[in-house]
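Okay, so here's the structure we're looking at.
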Amino acid sequence: MEFYPLSNLYLQRPIWFLISLVFLLLLLLNGRVVLSDPNYLIGLGSYDITGPAADVNMMGYANTEQIASGIHFRLRARSFIVAQPQGNRVVFVNLDACMASQLVTIKVIERLKARYGDLYTEKNVAISGIHTHAGPGGYLQYVVYIVTSLGFVRQSFDALVDGIEKCIIQAHENLQPGSIFVNKGEILDAGVNRSPSAYLNNPAEERSKYKYDVDKEMTLLKFVDAKWGPVGSFNWFATHGTSMSRTNSLISGDNKGAAARFMEDWFRHSGIGNLYSDEGVADGIPRRVSNIIPGLHDNHHKLLELAASFQSTPGRPATKILSVARRVRGALRQADKPGFVSAFCQSNCGDVSPNVLGAFCTDTGLPCDFNHSTCGGKNELCYGRGPGYPDEFESTRIIGERQLKKAVDLFNTASEKLNGKVDYRHSFIDFSQLEVTLPKQGGGSEVVKTCPAAIGFGFAAGTTDGPGAFDFKQGDDKGNAFWRLVRNLIKTPGKEQVDCQHPKPILLDTGEMKKPYDWAPSILPIQILRVGQLVILSVPGEFTTMAGRRLRDAVKTVLMSGGNKKFNSNVHVVIAGLTNTYSQYVTTIEEYEIQRYEGASTLYGPHTLSAYIQEFKKLAAALTSGQSVEPGPQPPDLLDKQISLLTPVVMDATPPGVHFGDCSSDVPLNSTFKRGDTVKVVFWSACPRNDLMTEGTFSLVEILQGKDNWFPAYDDDDFCLRFKWSRPSKLSTRSHATMEWRIPQSANPGVYRMRHFGAAKSLLGSIRHFTGSSSAFVVT
């Protein structure tokens, strides 16, 4: 075979030139290549923040019985940096976590300042959570948010701080000339309003301006490196991270974390075609490994003979980095090219549920009471149903896939290029007694105040995504005598606070509870980031649909006022919810009056939203005028005051004659499984808190390549593989790790085995890493 210089090839064979033009046109139509001059420096990063997968209470549902005991799929921090050459820059970090934490933000900024000086500060760095309710808790600094986690959990906190710092470092080191494109589109079937009775209390004239009672629009950014082409995408869309229920115990990024993984795999499929089959995305989950592995001869008998030669291996010592080296995504990464990063960010999701089939009573199957979400007067029986009901994993996949499909469409068709300044404004505001000027009907104005934080009785009722307990119910604007007595034993609110919070009946006066330290925040960060015609509003809580609409409209009006030429008519304003810290919910004043869960959780009284609008308008005005803003009072750093009641791991043990990593329950000999089957293997294991396997994996499915080479096929990052950890009793030193692989339709036929990585702690405190493998089996 002869090879010709490219120029000679075109001269001698004109057909190649024609084919090349057609190929280039197809690439352009598919959005894979964008011919445009770079106008920013862009960099993206991603890092593991999974944290402890055992013994730690999960953050979100405040359910004391929801204790982590394994991994559905790993959690990540994903970041982008956009900079103008010789100018401003902004950082946005999206966490597969319930929310941002003030303490985490403080410590990340401290580390960035130590490394980069004043390049990255609290002013231009935004850290936002996707609001999964299936991640480890204990990383916030205020008492009310760490009661169920038995106080502060250092491992959860460190995993977040370390991961955020490392993903920002990655993004910084990846900074290269590039362009950013923005696109928008609707998703009609990924969220419903879970408090429609409160939404209906908003003015009819206002509601008539909108087609839906939740926001259906996704806004997506496409990042295009001038050298490498597309390197990532970030999008904002409002729906709760509650597809996984309050009884789930596996760490999971829920629907948004799933969508992010699906899209990153989709890009690897479409960008590195020889690694995947033509099916690409099957069952909503992109194929990870296929043609990179030479196909084994399609002879079932020979495959069984080959599998029979690989029995389970006894547990044996392993190096700390072995599980990192065997990661599937690590095996597919190109060393000289930045990895594709995709983030599905949260927005004004306060009253938006992914359980789109509606809320029903578990005893009768009938719809729950409309106003109070109760069943026979009890809130505990009212649950929302996801599209995969009764399978919460399937609901998570479906809602994630619906977001994925829209994101892929927006990514492929994005054509509006961001142009203009990179800028930001940030201020700390004390929301406990903030004066707010409101217009009066008929002219003039009045001054009202926000209140110290307090939560109402409706808070304890929970939501249709995760009901509360006892006799609480949503929509309670009176409370009851018994719980008032209990409340008063803790802290009796004064008359001024009761009047200020009215019509909320106060269950816990958290803003005035200071022992052993602050129960709730008073000082909150608000922030605006600008990249060209995109404006991101960083809010430290969960805005409801209408609250978010009012905030966006108010800011956009300021940006466009007075013939401002710095923003054209197509300015895009997005809300980044749960950002930089957490302060629960923000409703409209009309929704607050109804006192459903969201209103009862609006901490600073009925004028909370008006306060946010007032202060964000100030930031927007400063942004357009080029003026600075007052930094405001600094929030407290309460790290030294944190209390932890979570017991440490004392030691791990196995029965006599058994090694860590041995199979406790293996696959049967000569096993054959079909796509859609579940393979289950149990190993003798140790507590996952001994080593979090950050950027590694506890579980692995390997496929046989050739005669004796095992290649990683699926790991902790895969939706189809679940790692479950258990011990016979809370004080037992013995434990098991169960691997469950639901064989996807995209799996290649061949010989497979399961493998487990872990770390055991001795009585003297030393850590020993181990690994073990199951017997091989055949997948047809």
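The backbone N, Cα and C atoms fix where each Cβ goes, glycine too.
Feature annotations, reproduced from TrEMBL:
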- Ser353: active site, nucleophile (ACT_SITE)
- His131, His240, Glu542, Tyr585: Zn(2+) binding site (BINDING)
- 40-614: domain 'Neutral/alkaline non-lysosomal ceramidase N-terminal' (DOMAIN)
- 616-779: domain 'Neutral/alkaline non-lysosomal ceramidase C-terminal' (DOMAIN)
Provide the number of Cβ atoms within 10 Å of the Cβ of Glu542 (Zn(2+) binding site), excluding the reference atom itself. 29
Relative to the mean position of the Cβ atoms of His131, His240, Glu542, Tyr585, the recorded Zn(2+) site, which additional same-chain residues have Cβ within 8 Å? Gln346, Cys349, Gly350, Val352, Gly541, Gly577, Leu578
For the domain 'Neutral/alkaline non-lysosomal ceramidase C-terminal' (616-779), what is the mean per-residue pLDDT, to the nearest integer? 97
Using C-alpha atoms only, work out the spacing between His131 (Zn(2+) binding site) and the residue listed as 'active site, nucleophile' and round it to an integer in Å. 12
Between the Cα atoms of Ser353 (active site, nucleophile) and Glu542 (Zn(2+) binding site), find the distance and write it as a whole number of Å. 12
With every protein chain in view, how many other Cβ atoms are within 10 Å of the Cβ of Tyr585 (Zn(2+) binding site)? 24
Neighbourhood of His240 (Zn(2+) binding site), C-beta criterion under 8 angstroms, separation at least six: His131, Gly191, Arg194, Cys349, Val352, Ser353, Pro354, Asp465
